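Here's the structure, in structure tokens; my notes come after.
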Amino acid sequence: MSTLTHAFGDSMTMLRRNLRHALRYPSMTFSVVAMPVMMLLLFTYAFGGALGAGIPGAGDGAYIDYVAPGIILMAATAGAVATAVGVCVDMTEGIVNRFRTMSISRAAFLTGHVVGSAIQTLIAIALVIGVAVAIGFRPDATAVEWLAAIGLLILLTLALTWLSAGIGLVSRTPESASNTPMPLTFLPFLGSAIVPTDSMPTGLRWFAEYQPFTPVIETLRGLLMGTGIGNSGYLALAWCVGLIVVGHFWARAAFDRTARR
Amino acid sequence: MTTTSPTTAPPAISALGLCKSYGDKVVLDGIDLAVPEGTVFALLGPNGAGKTTTVQILSTLIAPDAGRARVAGHDLTERPEGVRAAIGVTGQFAAVDHLLTAEENLLLMADLQHLPRREGRRRAAGLLRRFELTEAARGPVSTFSGGMRRKLDLAMTLVGDPRIIFLDEPTTGLDPRSRRTMWEIIRGLVTEHGVTIFLTTQYLEEADQLADRIAVLDRGRLVAEGTAEELKRRVPGGHIRLRFSDAAELEAAARHFGGAARDLDELTLRVPGDGGVPALRAVLDTLDDAAVRAESLTVHTPDLDDVFLTLTGHGTPDTATEMAR
């Protein structure tokens, strides 16, 4: 068998291992779903009336259509925290050293983690979308727009997962692995997830418009709700692909470094 | 135990001048090794001697700073993949997946060894039976005892049928019964499967029980190498130590024990003997007959401490057995 078939087979084996962990100990997956669902309920019912009144076209209970795409992103960031913790905890297990002394693909361990976490995060995203629709989110997307939105969410999830896998590898304790991705979970708030950026003061607005989450949120909102996308689509794609490449190589290098000590 | 002649068969493991430092701390300071195929080689030494580092280097986990080594005919730095395909490693800390069951752990290994599914299942079932883990096979490993975990760890190493097995302190922390079981398993591997075993241990007894050749590692250097018999010949025999309340009692006792060494400062008498029951009874009878009262009696069997004292001039923490007062 060729090296490539082995690399694929080993990655699938590692993926099965991670999914089995997730099924047997679902508390982490549950928290990835619970956080954004709480946010969704909070922003729809508690703050929605006041916030919606200040946004053109989002008044009279229509605020959920504005905020839901932003909340969907928060599910992706919650997944990132879970990934970092999961990788960090796994690295403390003796079995990783066993993997290293076996004739298996070097990339398989990380690929298994990243793909496994990405699948869990995407399930969480689907659940959040389901809850949003159940409480009144009414996207007007066509099938093609849905496909594009799903594709974008997959890319974003992969980008965040590779980054957080790297964070998990360089973190010495599961606590720091859980704290380091915190800024990621705040970024959607400092973008256009909850309110439009043009309602913000100049300095913050400049940051909000140029940070990676805003073009992703705007693209998602455009695809699902038919608002204008402009050049946000290309920016979102560039950010996601860029972060996947950077995160991938960073995590791979960090994994090799932990071996040599 | 050895069937192949070391002169004709190429060694399964050979190393020349292995060095490793972490910062200023020199962990290995030029290690040379040759382990013939189908033999058991023990690396004996106290904590911090560099045993685990040696295993980590030879199993491709870390790279040496200097030196070369060949394992299963492959150069360690040039062909680590070849080495990995031939070896199995069971470390000091159980390298098992605690979130999976014993059976799932074994099947995970079978998948990573690229065995066909049916063959993987067959081997997993066989190993569970052999290590008496069948009943616990579907329970989570997190509920296993230390001995069960170590057995599972070794079983996982064996899934890939390795020709060379590294065992890093395979019985440290195990109760005496589990230790015996582990020894039997290790012996079986050599006699029935002809594998080469490289094991590290802190216990002379363990090396004595299992190994064809023993190397003594101290502060990153090999200070002696030979068979168990050769090493023991260099170590003073066991003794029974008697302590007395005053010098007069000591003198009185010394007259009845020819060949015993007196220590007037400590008020002790070292009587040569193996510490077995007959030897002890003889000592006690002699004391009774002479009507001398000893304060305490300690049995001292030759152990790593003696090996170390003899070979290096400094000891490990005292391991004498306090018997009675």
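Each residue, glycine too, has its Cβ placed from N, Cα and C.
Per TrEMBL, these features apply:
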| type | residues | note |
| --- | --- | --- |
| TRANSMEM | A:22-46 | transmembrane segment |
| DOMAIN | A:27-258 | domain 'ABC transmembrane type-2' |
| TRANSMEM | A:66-89 | transmembrane segment |
| TRANSMEM | A:110-135 | transmembrane segment |
| TRANSMEM | A:147-170 | transmembrane segment |
| TRANSMEM | A:182-200 | transmembrane segment |
| TRANSMEM | A:233-251 | transmembrane segment |
Which of A:110-135, A:147-170, A:233-251 contacts the transmembrane segment (A:182-200) most, counting Cβ pairs under 8 Å: A:147-170
Residues of the parent chain within Cβ reach of the transmembrane segment (A:66-89), under 8 Å, 6 or more residues beyond its termini: 18, 21, 28-29, 31-33, 35-36, 39-40, 43-44, 48, 51-52, 55, 57-58, 110, 113-114, 117-118, 120-121, 124-125, 128-129, 132, 137, 139, 153, 156-157, 160-161, 163-165, 167-169, 171, 173-174, 176-178, 180-182, 184-185, 187-188, 191-194, 213, 216-217, 220-221, 224-225
Chain residues outside the transmembrane segment (A:110-135) and at least six past its termini with a C-beta under 8 angstroms from it: 11-19, 21-22, 29, 32-33, 36-37, 40-41, 44, 64, 68, 71-72, 75-76, 78-80, 82-83, 86-87, 90, 153-154, 157-158, 160-162, 164-165, 251-252, 255
Chain residues outside the transmembrane segment (A:22-46) and at least six past its termini with a C-beta under 8 angstroms from it: 63-64, 67-68, 71-72, 74-75, 78-79, 81-82, 85-86, 116, 120-121, 123-124, 127-128, 131-132, 135-136, 194
